[in-house]
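Colleague: Take a look at this one; I'll ask things after.
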Amino acid sequence: PSPLTGSPPQALVDDTEDVSLDFGSEEELALRKAKIRHPLATFFHLFFRVSAIITYLFCDWFSNSFVACFVTILLLLSFDFWSVKNVTGRLLVGLRWWNQIDEDGKSHWVFEAKRVPTIAASTEAEARIFWLGLIICPVIWTVFFFSTLFSLKLKWLALVIAGISLQTANLYGYIHCKLGGQKSISRLMSRFFVTADVPKRQTRRISEDRTEEHGKMGTR
Amino acid sequence: FADLADVSIAEDIPVEGEITVPVGSRSPDDDYSTLDEPVRDTIMRDLKAVGKKFVHVMYPKKSSALLRDWDLWGPLVLCVSLALMLQGGSADSKDDGGPQFAEVFVIIWFGAVVITLNSKLLGGTISFFQSLCVLGYCVLPLTVAMLVCRLVLLAGSGTVSFIIRLIVVVAMFGWSTLASTAFLADSQPPNRKALVVYPIFLFYFVISWMILTFTPQ
């Protein structure tokens with residue numbers, strides 16, 4: 001049918017015509033295809049934990065001094081705790097947890113989960129590496145605990161206990177985030193967090209008892 | 001602290017605040033959460049928090065910043081440096097100082113945990129990790145005392161050096177105890193303050209004792 005206006009008839013787009021879809025730049029395309037989108041984070045997630053375990057197993061080869069090994073392993077465990085808690089968790093699986101003290105002095109454990117996947121969101125391979133690393137290492141440290149206890153090398157016990165507590169804390173925190181995230185999928189978007197003012201983190205948060213608070217409450 | 005017991009707010013002073021409940025949905029793109037901040041920001045933020053707390057310990061005024069954002073990095077660093085400086089004492093001549101190093105760790109952390117449990121059992125309102133944080137950070141003056149003692153011992157180990165060390169350690173011990181009670185005693189009911197302060201006193205006393213009786217080989 002010819003158009004009712006006076007302009008010349010234009011070709012209609014039909015199903016066989018090629019339509020080019022714009023996925024974005026080349027870089028984004030490569031990012032989408034890559035199996036591991038955060039290579040550095042993945043590396044560091046495993047690096048500190050595995051180094052701590054290797055150093056513990058082979059400390060006699062590295063150095064004669066108990067003190068040097070102790071301090072090295074402790075530092076590796078601490079860096080691992082910090083990096084898994086603050087960096088690799090949010091980059092690899094989009095989860096984060098922390099503790100917040102509000103103005104009454106009550107402590108709240110806050111669990112944050114990313115709802116909307118962006119281009120740089122994590123892949124399945126990364127998530128698998130993350131969870132495997134998170135679960136296997138505390139198990140290994142528990143094995144070390146029993147071996148230390150039964151072989152009576154008690155001077156290492158403090159270190160092994162520190163290792164178990166730090167790694168189990170991360171494991172527990174992330175499992176809680178994950179389970180909390182799955183429960184909230186069936187609820188409305190009002191459960192989503194925002195923290196605009198990073199040092200204070202007071203603008204909007206969901207505490208563990210599932211109530212939502214906003215803004216500052218000044219009473220003094 | 002008896003004067004503070006009967007402070008009350010007059011009724012004509014307005015007390016105001018702001019509580020809003022968000023209505024409607026928000027577009028996800030508007031939300032900036034700490035999930036997306038660059039790693040460098042995270043590191044700098046945590047480092048600054050640790051530095052601020054160290055400064056707070058050195059000038060203990062009654063502020064709740066130390067209590068609000070607790071972290072255990074400072075106590076870890078202090079514990080490790082104190083334990084390292086207590087190495088090489090005459091007690092461990094034949095082995096490499098292993099047990100004594102772990103001893104310092106266990107004393108500090110276990111002692112802090114016991115004090116925290118004690119204060120919680122006495123009805124304190126402070127949380128477990130906050131209390132550990134404060135106790136750990138207040139070891140800073142004693143670590144400084146250890147440093148000074150080691151330097152003094154380099155010069156000699158006679159009576160004069162002992163007197164200097166004694167003065168320094170006692171002063172730092174007093175500073176630590178005062179700093180930690182300034183932060184912790186507020187969270188206790190008023191008639192229990194002495195019961196809470198006493199274990200803290202004992203804790204820092206034990207650490208000061210270890211510092212004072214340290215003699216290098």
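Here the Cβ of each residue, glycine as well, is placed from N, Cα and C on the backbone.
As annotated in TrEMBL:
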DOMAIN    B:59-210  domain 'Yip1'
TRANSMEM  B:70-89  transmembrane segment
TRANSMEM  B:101-122  transmembrane segment
TRANSMEM  B:134-156  transmembrane segment
TRANSMEM  B:162-184  transmembrane segment
TRANSMEM  B:196-215  transmembrane segment
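In the displayed structure, how are the listed features positioned relative to their neighbours?
Modeller: For the transmembrane segment (B:162-184), the residues of the chain that approach it from at least six positions outside its boundaries are 57, 60-62, 66-67, 119, 124, 126, 131, 134-135, 138-142, 144-145, 148-149, 152-153, 196-197, 200-201, 204-205, 208, 211-212, judged by C-beta separation under 8 angstroms.
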Colleague: Using Cβ atoms and a strict cutoff of less than 8 Å, what residues sit near the transmembrane segment (B:70-89) while being 6 or more residues removed from its termini?
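Modeller: Contacts of the transmembrane segment (B:70-89) (Cβ under 8 Å, skipping residues fewer than 6 from its ends): 46, 49-50, 53-54, 97, 100-101, 104-105, 108-109, 112, 127, 129-130, 132-137, 139-140, 142-143, 146-147, 150, 207, 210-211, 214-217.
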Colleague: Same chain only, please: residues at least 6 beyond the ends of the transmembrane segment (B:196-215) with a C-beta under 8 Å from a C-beta of the stretch. Say none if there are none.
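Modeller: Tertiary neighbours of the transmembrane segment (B:196-215) are 82, 86, 89-90, 104, 107-108, 111-112, 114-115, 118-119, 122, 124, 135, 138-139, 142, 145-146, 149, 153, 157, 165-166, 169-170, 172-173, 176-177, 180-181, 184-185, 188.
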Colleague: If you average the pLDDT over the domain 'Yip1' (B:59-210), what number do you get?
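Modeller: Mean pLDDT across the domain 'Yip1' (B:59-210) comes out at 84.
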